[in-house]
Structures are given as C-alpha cells and as structure tokens.
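Below: the structure, in structure tokens.
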Amino acid sequence: MGLQAGTRQLHGNLILLPVAVVMLLLCTSPVCATASVGLPADCSRLTSSSPSGVYVIQPAQSPPRVVWCDMDTEGKGWTVVQRNTYSTEITWKESWTTYKYGFGNVQGDHWLGTEYLHLLTQQGTYKVRFVVRDKANVTHYAEYDIFRVESESSGYPLRLGRLLSSGKDYLTSYYSSYGGIHDNMKFSTVDKDQDQHSGNCASSYGGWWYDRCQNVLLNGKKYILWPEICPRVTACRPSSWSNPPMCADCARGWGSATIPSRSPSLPSPITATHTVRNQLQ
C-alpha cells in the first residue's frame, strides 16, 4: 500500500466518519521552550492526562495560536496541522496569503498556516504522521522522523527525513510515472507558482508542495491522492449514492488544526482525536 496499514478505527469521534480520512500530525523530539508563561510551545508540552481538544499554544517567535491537540494517538501530544474531510466547504484553492496565515476551523477542516508550520518546526526536531482512512474504514499512515518547513523568503520548502513506517515512500522518493517528488519542493498556490511543471499545479489542485504536480495530494476539495490507496483522481471523486457524498475509493481527508487571526482565551478542551506531543516526554 504506500502507507502502513494500521488499526481499523481512530480514537474519539473520527470513527463516526464513514469515509476516507486524511490527517497530518506533528510531534516534536527535543523539549521545546515555552514562548510565554502559561502557554505551551506545542501540544507535546501538555500533561499526559490532558484530553484531546482545542488548546492555545505559542511557538517561539509566534503569536498565540489555537490548535487541536490529539492526546489519543499513540505517544500523545500530537499537534494537528491539517484536516480535510469529504463534507468540507473549503476549496483549498486559496491565495498565498491565505495559506500563509491559515484558514478553516480547528474542530473541522483547516490548514494551520505555512508561516506557523515554519515557526512551529523551527523550535526543534519534529516528526510527522500522515494518516489516511480508506472507504473500508482501514487506517493507513506514513510517518517520517523529520518534518520541517523553511521560511517564506525561501518559498516554504518542505524538508522530510527518513520514512519510519512500512510501505512505499511517495514523498521523498522520485516517481517519474506520477508527479516526481515532494521533499525539498517549494510551496505553490494559485497566485504563486513555484512548482517544476510547465503549468500551475495549484490552480488545478490547491496549495501543496509540487514538483511536476503530485504523487500525493491531501489538499483537494473533491478528492485525495495517494498511490495504491487513492491512485486516480476519478477514483476519489464523490459519488451520489450516499448523503453526504462518499468517494468510490477514498472519500476525504483529515489533517491538522486551524488558527484564528486573533488569539482567544484558553477554551475548555473538547473531546476528539489527533494531537502533537514531545517525543521525550
């Protein structure tokens, strides 16, 4: 499969989703310094008894951010940075500035923001887990021991380390039959084309780290792409046989957390699934 097959269900309310789920989760290795008194630098700084839910974090050199912390996934303390489901109202074909600062709702579909991904991953060594659930309710994941997004001035390029899970590596290996490679590619949007393709991949598919378009695509409105699980655009197209619509092979995805433009007071945690944590805790 390209992703390692895992449990047939996710913790919390994810099990209620009868379609494919995609999630992008972050976890940090070294202990991160807390940017402000009382605010953790990421979800890994929460106590192990903390429930999954909405929290306010403050990475170094960043204003406070609202995120979804997953305290149920193995290891606990995962920071959810993207979520994309079958019923999303997000087009994912947003501008550079919109992607930079993030959009959506942390309790639903959202994008943390490329700038905040950069600030978050500058604090230490982070690992990442991409999670996909297929229509048979089987969960697959790909985990990398290093995840980093560089600065805006360099184009927010993606840096990935070694694949820790089993299966083919469609992010750091080059596949000429698909879209090339994703590792070390700059981020592209509809109004800022930084891919290696003759056209603008983002104008067709949404913001992502493209080479000659993609092997893997998690930021799409009508489909997700992951070879051997969601191998074709038409394979993951929503169909009319279910309400809400479900896709033929994979439906939609889950990822991380959304960030509001202003930092609210710390809300009470809301029970749910995916979070970020410090590996040394």
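Heads up, the Cβ atoms here are built off N, Cα and C, so glycines get one too.
Swiss-Prot records a disulfide bond between Cys43 and Cys69, which is the match among Cys27, Cys69, Cys201. The record in Swiss-Prot lists a disulphide bond between Cys213 and one of Cys201, Cys230, namely Cys201. Within 10 Å of the C-beta atom of Cys43 (disulfide bond) sit 30 other C-beta atoms, taking all shown protein chains into account. Once Cβ contacts within 10 Å are tallied over all protein chains shown, the disulfide-bonded residues Cys69, Cys201, Cys213 are led by Cys69. Per-residue pLDDT, averaged along the domain 'Fibrinogen C-terminal' (34-246), amounts to 85 for this model.
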